[in-house]
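Asks: Can you keep this structure in mind? I'll have questions shortly.
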Amino acid sequence: MTSLDTSVANTSGDTIQYVTVLIGGQLFGLPISQVHDVFVPESVTRVPLSAPEVAGVLNLRGRIVTAINMRRRLHLPPLKEGQMMAVGIEYKQESYGLMIDSVGEVLNLPASSAEPNPSNLDKRWAEISGGVHRLDGRLMVILDVARLLGAMFTEPMAAA
Amino acid sequence: MDDLLREFITETNESLDVVDVELVKFEQEPNNATILDNIFRLVHTIKGTCGFLGLPRLEGIAHAAETLMGKFREGVPVTPEAVSLILSSIDRIKEIIADLEQAEGEEPQGDDSDLISELERMSTDAGAVNPNAPKAPVVEEPVVEVAAEQTLERPLRPGEVSLDELERAFRETAVEVDDAAEAAAPAPAPAPEPVAEAEPAPVAEAKPAAKPRSSRTERLEAGDQEKSEEKKGPSVSNQSIRVAVDTLEHLMTMVSELVLTRNQLLEIVRRHEDSEFKVPLQRLSNVTAELQEGVMATRMQPIGNAWQKLPRIVRDLSQELEKPIELEMIGAETELDRQVLEMIKDPLTHMVRNSADHGLEMPADRRAAGKPDKGTITLAAYHEGGHIIIEVRDDGKGLDVDKIKAKVIERGLASESEVDKMSDAQIHKYIFAAGFSTAAKVTSVSGRGVGMDVVRNNIELIGGTVDLRSTQGKGTSFIIKIPLTLAIVSTLIVEASGDRFAIPQLSVVELVRVQTNSEHRIERIKDTPVLRLRNKLLPLVHLSQLLGIYEGADAEKAIDDDNGFIVVMQVGSQTFGVVVDGVFHTEEIVVKPMSTMLRNLTMFSGNTILGDGSVIMIIDPNGVASAMASHASSSVAEQLEDENDDQARKALTSNSTISLLLFRAGAPEPKAVPLSLVTRLEEFEVSKIERSNGRDLVQYRGALMPLVYVNAGDQHKIEGTQPMLVFSDSGRSMGLVVDEIVDIVEDNMNIEVGSDRPGVLGSAVIKDRATEILDLGYYLPQAFEDWFMRKEMDIQALTKKILFVDDSSFFRNMLTPVLKAAGYDVTTCSSATAALELLEDGGKYQAVVSDIEMPEMNGFEFCEALRRDPRFRNLPVLALSAMVTPASIERGRQAGFDDYVAKFDRPGLIAALKDVFSGEMGVAA
């Protein structure tokens, strides 16, 4: 963390707090302002005929949340063992749960240190990535929630 | 916009609706002073408030209208023109108010002097006549006298509204001023004391104070007009308050949540037998149920509210069509959920319009049929076991079965032989078929049915059904059955492949337990599972299969397991069985909308949280029904005794069997054409065949019809009658001369041997004989050279390349010439995969026309595949299908098709292509 702190100090300007999550070994960051809660998805009801990324719907404190399997969304193999976690977000007044492997710490990162996606990044990843932060020894991909979910609406709905 | 103004707009709108109704009533009973007083007071109220709020335009019109009405009160005869004029003033006021609402309180600019001067002219005329009233011309005498009797006690003061009258109006409103004073009066009254009865002077000041109250009373009366008519004045003590709809909606949502929570608690307690919570929870449960009922009651509104505009509409129609019409309304006080009410308003209006326009005959015809001149349209509403039944009935001529039949055949919805077998009731149902009336000028042909499919769809959308009964010469009645409310639905919880689903009880007819050795056992026709249920065959499908949980062989196995339940469902006229693995219980659930991401799934109507806290998907019966229709196979449809299953019938045509007309011409071997292309079979006396300009013609239906021979050089018979097949298309007919009509058969038409000979598509085995299939595209231009050219062929089109995909060689062969004749360069493909390959290989096409029902990859999948590829995202793709239902059109739209055309609708196809290209050119320009 110390190295991070110094990097924050070095660059003046706005910092953004990210909730980091692990999906298939890769570190992703979600702006903390968009994350409503973190929960363990239980008794998820499958929704037949829906897009493969849709894991199903579940009851989160009286609200019906659409759960999205991020591994499938990113075309990664399913998690072999262990319980998946979920990050609750809100998009267009509706609740969604992003199912991920695990949740990490919260990082303070300067907005200016974000770099654009490398041009050779997998197209399916580039589609939902809002840039990359170089951390100490590892890279963090910024998840762009609007693009992540927006792309999942079927075309006629998007047009409407 | 300030509250005062908003209140004014709401109340004025309500008042105006009442005025509409009252005026129409008044026109019929011009000597009913009570009605006139009501109208007068309402208009006066509007006028006064407008002046107070500074809305000069509204005030001007209201004032002029009021002056004219003042004349009526003085005994001037009421003429339809005068009422029309007042009605149009009311319309203008409505317009201005609508604009006012839009503009947030800014009165729109405009000039009403035309209307006002007209009103004034009529008032002056009336005023001029009035003093002479007793000496009025003989014609007017009876009316004037009656009216005069009513107004005897009043001094007649021509040229102005008498103060007495105004006061009288106030006296009447003043009755309930005290009662109403407690209810927050929104208008700040300049005169603090409640309406000054005795003071004639401060009329203008007193007006605003009286306003809100009088209109409020009217609102109460609106639901119950019959009563108010009898009353001498409004005297109902005002017990109601105005609550914003949002507040009620919110309350309803909260109660729904409460119900859910209670269900959860009950579930928990059920697991602990000796819980001390049991008794209080029981109490809570009861209170919740009562609360739920109470809140539901606040959402209830009398159906009369939806009928309010109808008297005016009927009156206007009656004048326009010059048919006297009486509108009878029974059961206006029947209550139903306001959400449902909103949704049936338009269909009802549409149906009443239809009845007036097409159902009722002209007075002369009615007289001839021994009926009174005046046609009656009856609206009746009543409760029947959790449902509301609404009936729209007319005593007109009834549906014309023959015309509908002709239309059905023309549209290719059923063949002639099928139609002949149908009962009248079955034929009637066709007026609900999609697009049945939208074709060119159908109203003159079918006599009825403008957009009835839309009406049916709207009603089915809220889980209702619509049925009709018609007796020729006696009239028609439409019976609508709708649920009381949409908010809380009773559902059946079932299980399929380990998942639970909720099926709305409304569409569940019964449950059948399946056992191998019981009488209820699943049988198969070809590969289609069916159930024999009380001498009917019920098509079956496993829920898992419908939902795509597992497919193919697995689904077959699931049904074979023979230990499931069959949920017999009825949607509209369709009955079918859905096989499920288990049935749990019924549960009252509150439908919650699905997330936008899932809303494209037609199989579900929503989701909800069950008592145990888990989320469950709610099956949409309409979605299942349309999926069934596409699953339904011909074998089932044929066996189906269920008469009104038009869906399945459509599925029949979509299958490979097709009705063929077999005939002989020129040679002994049989020839065939698809029956659906033949307009009529005719026989003409040989003597009727005339020769002119080197060709044979017959006079047919007032026009000359050219005769065409199958083989050049053939001759018609020398004597007797000459059979021929008549083909008609957009007003032109051609007679194809044949030797003998052999048979009509249903058979697969696989053209096995192609043909190079013009006029013959190829040979197929039909009824075990090699049969030539004729190419009509070759013969039609022989009758009229420009038969296909007329479709406005342009040079532009010549450069357009079209890819035409259809698995049936017949349609490929039939439509290719049509497209070519329209000037397109056509390439054909026998499957979607082949077409995709062709496109992948860089084939350049300006448009794709694709069949829907194809093996391997169907049209929807094909189109979706195209849309996924950025290269073809903007390529126009037209769907061509034998099955045209709103659901399939919607499905097509979702898949990305630009247009959806019926297979036999050749002009439609050409027009659609033209549209697509003209649109494209428009974009390019």
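Glycine too: its Cβ is placed from the backbone N, Cα and C atoms.
In TrEMBL, annotation is done automatically, which means it is predicted and not curated.
Take a look at what TrEMBL says about it:
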- B:194-212: compositional bias 'Low complexity' (COMPBIAS)
- B:215-233: compositional bias 'Basic and acidic residues' (COMPBIAS)
- B:1-100: domain 'HPt' (DOMAIN)
- B:236-486: domain 'Histidine kinase' (DOMAIN)
- B:488-630: domain 'CheW-like' (DOMAIN)
- B:657-785: domain 'CheW-like' (DOMAIN)
- B:801-918: domain 'Response regulatory' (DOMAIN)
- B:His44: phosphohistidine (MOD_RES)
- B:Asp851: 4-aspartylphosphate (MOD_RES)
- B:178-238: region 'Disordered' (REGION)
Asks: Mind checking how the domain 'CheW-like' (B:657-785) divides into helix, strand and coil residues in DSSP?
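Replies: The domain 'CheW-like' (B:657-785) comes out at 14 helix, 78 strand, 37 coil.
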Asks: Rounded to a whole angstrom, what is the C-alpha distance between B:Asp851 (4-aspartylphosphate) and the residue listed as 'phosphohistidine'?
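Replies: That comes out at 64 Å between the alpha carbons.
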Asks: Specify the secondary structure state of the residue listed as 'phosphohistidine' as given by DSSP, simplified to three classes.
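Replies: Its secondary structure by DSSP: helix.
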Asks: Within 10 Å of the Cβ of the residue listed as 'phosphohistidine', how many other Cβ atoms can you find? Include all protein chains, please.
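Replies: There are 26 of them.
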Asks: Over the domain 'CheW-like' (B:488-630), what is the model's mean pLDDT?
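Replies: Mean pLDDT, the domain 'CheW-like' (B:488-630): 79.
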Asks: Can you tell me how the residues of the domain 'Response regulatory' (B:801-918) break down into helix, strand and coil by DSSP?
Replies: 58 helix, 24 strand, 36 coil
Asks: If you draw a 10 Å sphere on the Cβ of B:Asp851 (4-aspartylphosphate), how many other Cβ atoms land inside?
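Replies: B:Asp851 (4-aspartylphosphate) is surrounded by 26 other Cβ atoms within 10 Å.
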Asks: Run through the domain 'HPt' (B:1-100) and tell me, per DSSP, how many residues are helix, strand and coil.
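Replies: Grouping H, G, I as helix and E, B as strand yields 86 helix, 0 strand, 14 coil.
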